[in-house]
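Feature annotations, courtesy of TrEMBL:
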| type | residues | note |
| --- | --- | --- |
| BINDING | Cys31, Cys213, His238, Glu242 | Zn(2+) binding site |
| MOTIF | 33-43 | motif ''HIGH' region' |
| MOTIF | 270-274 | motif ''KMSKS' region' |
| BINDING | Lys273 | ATP binding site |
| DOMAIN | 344-394 | domain 'Cysteinyl-tRNA synthetase class Ia DALR' |
Amino acid sequence: MTVSLKLYNTLTRQVEEFKPLNPPHVGMYTCGPTVHDFAHIGNLRTFIFEDLLQKVLEAEGYKVVRVMNLTDIEDKIIKKAKEKGVSLEEFTTPYELAFFEDLRKLNIKYADIYPKATEHIGGMVKYIEVLVKKGLAYVAEDGSVYFDISKFPEYGKLSQLDKREVKAGARVKADEYSKEDVQDFALWKSVDPGEVGYDSPWGRGRPGWHIECSVMSQQYLGETFDIHGGAVDLIFPHHENEIAQSEGKTGKQFSMFFVEGEHLLVNGQKMAKSLKNYFTLRDIEAKGFEPLALRYLALTAHYRDKLNFTWKSLQAAQNALNNLREEVRDWDQSKIGCAEYERRFFNAVDNDLNVPQALAILWELVKSDYPTSAKAESLLKFDKILGLKLDEYLGKPLEVPEEVQKLVDQREKVRKNKDFQKSDELRDEIKKMGYEMEDTPTGPKVKKVL
Ligand code: AMP
Ligand code: ZN
């Protein structure tokens, strides 16, 4: 362990040495899902990246306190629940459960706390009251409350907005908007009678999306914490607005690091619900892929690089994972690993999470001439970070069903008699049963295929 993690910080646009405020503790907040639908595999790429970051921090000996919000009230949710004629809770609960199921299947460690927006409305109202008192927010004619970006001189520091674009006084009420709308944003939105809302000093309304993350992150992690994460689409307006609200309120730095992962693309375009170019974990499982193959695929790209999703690349990831499992099946374990490989592996992950390089080093180790017992020890250390559950395969020979084994033995016989046609036929038959043969110097090796 080297304790020399370097991370890219969007605040400074530089790779910096990571030093927590209160070692060995690390406070980490990551924006969670909007539970209006199943997560798509683009969302999941981000959650895998954040999990890798947590696992690297833990491998460095840090004690991570991880908070991830669940956005269970927001423009899209309200619209969809209304269309379905159900309450917000009835509408969001199945997607919330599905989200946790996805995390489990992807071997993503659960956060310590999953605060829900609807359970923190009181805290949000109090927070907004402070912003109004400090003159950073104002109440509009309709009872909505807006953050006045002209009162926060550092507005735009995270997303490096050109100050000239800022339209002070103009307002945006929607939860999501583009860089073209650099305007005062809604902290509290007035609602019409009959719409979902809560009582407040400004009349019935509901919170905007950005305020929930300031309130819930600071409630659980304090006014200043170590790492704030998400994907790059959140840099503006979401994270920018969180900084304005939080630093405006406390006068202190909000998060020391902002780390945002790049997107998963499809045909060169961001995977997004609105573009209808998305797949869920259920979609990929329906095609016979394992969730861990998606995790493997995510490991092959650096988190700050875009990754274009194709079924071919997912198949390649599934094959690589299968091969890796087969490699380790007949290894036994010792207490002594391969120091040189471990040094290289941890150097790679410490260098702004260079996981693709770390994965290549793992494969180098697998193919090396070191005794398998030593390789096993290092491999398990690596997999604590990569999370491919290789311990379920290491040292556990494949249990080949009797019918398959019979065909394998039969094929060995005909091959020895040089009846290659029959041998090929038997190979095909074995394949149909989901197994593959590899002829090695020590005899045939049977592998499971997808
Ligand atoms: P949402 O449920 O829409 O709030 O998104 C959950 C997380 O997924 C957020 O951190 C988003 O920034 C992230 N995200 C959305 N689309 C993509 C994508 N195509 N690739 C990677 N992350 C994404
Ligand atoms: Zn957020």
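Note: Cβ is positioned from N, Cα and C throughout, glycine not excepted.
A TrEMBL annotation is a machine prediction, not a hand-curated record.
Location within the structure of each feature annotated in TrEMBL.
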residue: Cys31; record: Zn(2+) binding site; DSSP class: coil
residue: Cys213; record: Zn(2+) binding site; DSSP class: helix
residue: His238; record: Zn(2+) binding site; DSSP class: helix
residue: Lys273; record: ATP binding site; DSSP class: coil
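Counting Cβ atoms from all protein chains shown, Glu242 (Zn(2+) binding site) has 28 others lying within 10 Å of its own Cβ. Geometry remark: Lys273 (ATP binding site) versus His238 (Zn(2+) binding site), CA distance 18 Å. Checked against ligand 1, the binding-site residues Cys31, Cys213, His238, Glu242, Lys273 give Cys31 in sequence order as having a Cβ less than 6 Å away from one of its atoms. Under a cutoff of 8 A between CB atoms, and with a sequence separation of 6+ in the same chain, the neighbours of His238 (Zn(2+) binding site) are Cys31, Trp209, His210, Cys213, Gly230. Each of the binding-site residues Cys31, Cys213, Lys273 was scored by the number of other CB atoms within 10 Å of its CB, and the largest score is that of Cys213. Apart from Cys31, Cys213, His238, Glu242, the residues listed for Zn(2+), the same chain places the Cβ atoms of Trp209, His210, Glu212, Ser214, Ser217, His228, Gly230, Leu234, His239, Asn241 within 8 Å of the centroid of those Cβ atoms. Mean pLDDT for the motif ''HIGH' region' (33-43) in this predicted model: 97. Secondary structure of the domain 'Cysteinyl-tRNA synthetase class Ia DALR' (344-394) per DSSP (helix as H, G, I; strand as E, B; remaining residues coil): 38 helix, 1 strand, 12 coil.
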